[in-house]
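Notes follow the structure.
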Amino acid sequence: MPYIKTINSLEVLDSRGNPTVEVEVITLSGAKGKTLVPSGASTGEHEAVELRDSDSKRYLGKGVLKAVENVATVIEPRLQNLSVLDQALIDQTLIQLDGTPNKSKLGANAILGVSLACARAAADYLGLELYEYIAGIAPKQMPVPMMNVINGGAHASNSVDFQEFMILPTGAPSFKEALRYGAEVFHHLGKILKQKGLPTTVGDEGGYAPDLNSNKEALQIILEAIQNAGYVPGKDIFLGMDVAASEFYDRETKKYLLASENNKTFSSEELVSYYEQLINKYPILSIEDGLDQNDWDGWKLLTQKLGQKVQLVGDDLFVTNTQKIQEGIDKQIANSVLIKLNQIGTLTETLEAIEMAKKASYTVVISHRSGETEDTTIADLAVAMNTGQIKTGSCSRTDRIAKYNQLLRIEKNMSNPSYLGLKVFYNLKK
């Protein structure tokens, strides 16, 4: 029987040593599903709320015992005897139990853990892989990995303003080969940094975090690594950036401060021009969060200027929220949506956000968080929903590699996997 018997929850640690929630759902038939919930460092102000204990005597106030208790005392009694095959009902029940617009009562970390664990239990009950269960009969394609090879901003302790510098191996014939391209570039990048006397320590997402002088220097070094690995920039491999502009935006002056540009301040218009210069000089295919999450006028200008040349991804801008995404679609803001499960808090709402973006011809990127675990749900989700792109870090740290290895297994198991490469960016004039 696919009905929920028990829901177990546990306070465990994420990749940054901070507490997070693990949830296991067990059905009357014995089918099981277990999920660990990720956590972000730079978060959008409209995200669903992680419930933390704020007890300074435990984990510097970051404990999640309240969320764990909510699973046991509030959620489990209400979900017992519901079918794990009815994901929509489960998620609707979770949302109603919480009763707040941002899931702050029970905690998005508790709610998401239960939602995803139920989906895994359903897949186990049916004898399916998670991606097969979510996808149904939909065609399945492997995603282009957006590999974060240099970390800056809130993800590293260096002087680089932008949070992530990524490589996109669009010229590879398969995901397996794309991963190889990326790994080889990553290792060549490490060699270059050593030759320059720079440290090869890594940031939260596994990319190197060298103390470079500017954002342009980061792009230049990555280009050198691509070439040293034997690949052609702008053909085999493109570049991407997660600017995370909200992190260096001053809301009082409405200016952007770039420390690596001699502490120069930029207006929205000037920052858009700065990006335009970068994409004219470097083979940049994607820019994420290029402006502050509340700078909608700036986003409008950015989209008008660069929206047909480069993928403009909204993360903090949209926070996987259908209301925010619809507002962006109506105002013709950005052309791509980043999807983070814990920004919204249930699988059903996540799938609705993906479908909304696709119907508006926005591209979709499935993403990890900077605080990750060994959980591989996002790998299955990227394939199941044919998003075509995934952000899950660099080629180091097991919490990142776990997702890549899961994608390799999925590709091997699929009868006729497709890897579209550059065709994924269907809304650009490339």
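Using the three backbone atoms N, Cα and C, a Cβ is placed for every residue, glycine included.
Note that the structure is predicted; figures quoted are calculated from it, not measured.
The (2R)-2-phosphoglycerate binding site annotation in Swiss-Prot covers GLN163, LYS340, ARG369, SER370, LYS391 and is backed by sequence analysis. If you look up Swiss-Prot, you'll see GLU205 marked as active site, proton donor, on the strength of sequence analysis. What Swiss-Prot records for ASP242, GLU288, ASP315 is Mg(2+) binding site, and it gives sequence analysis as the kind of evidence. Among the features that Swiss-Prot reports, active site, proton acceptor is placed at LYS340, with the record citing sequence analysis.
Counting only same-chain residues six or more apart in sequence, the Cβ atoms lying under 8 angstroms from the Cβ of ASP242 (Mg(2+) binding site) belong to ASN148, PHE162, GLN163, GLU164, MET166, GLU288, ASP289, VAL313, ASP315, LYS391. You'll find the Cα of ARG369 ((2R)-2-phosphoglycerate binding site) roughly 8 Å from the Cα of the residue listed as 'active site, proton donor'.
Taking the Cα atom of each, LYS340 ((2R)-2-phosphoglycerate binding site) and GLU205 (active site, proton donor) are about 15 angstrom apart. Across the structure, the residue listed as 'active site, proton donor' and SER370 ((2R)-2-phosphoglycerate binding site) place their CA atoms 6 angstrom apart. Excluding ASP242, GLU288, ASP315, which define the Mg(2+) site, the same chain contributes GLN163, GLU164, MET241, VAL243, ALA244, ILE287, ASP289, VAL313, ASP316, LEU338, SER367, LYS391 within 8 Å (Cβ to the Cβ centroid), listed in sequence order. Look at the binding-site residues LYS340, ARG369, LYS391 and count other Cβ atoms within 10 Å of each Cβ; LYS340 has the fewest. Ranked by how many other Cβ atoms sit within 10 Å of their Cβ, the binding-site residues GLN163, SER370 place SER370 at the bottom. Maximum C-alpha to C-alpha distance over the listed (2R)-2-phosphoglycerate-binding residues GLN163, LYS340, ARG369, SER370, LYS391 is 17 Å.
Using a 10 Å radius centred on the Cβ of ASP315 (Mg(2+) binding site) and all shown protein chains, the other Cβ atoms total 30.
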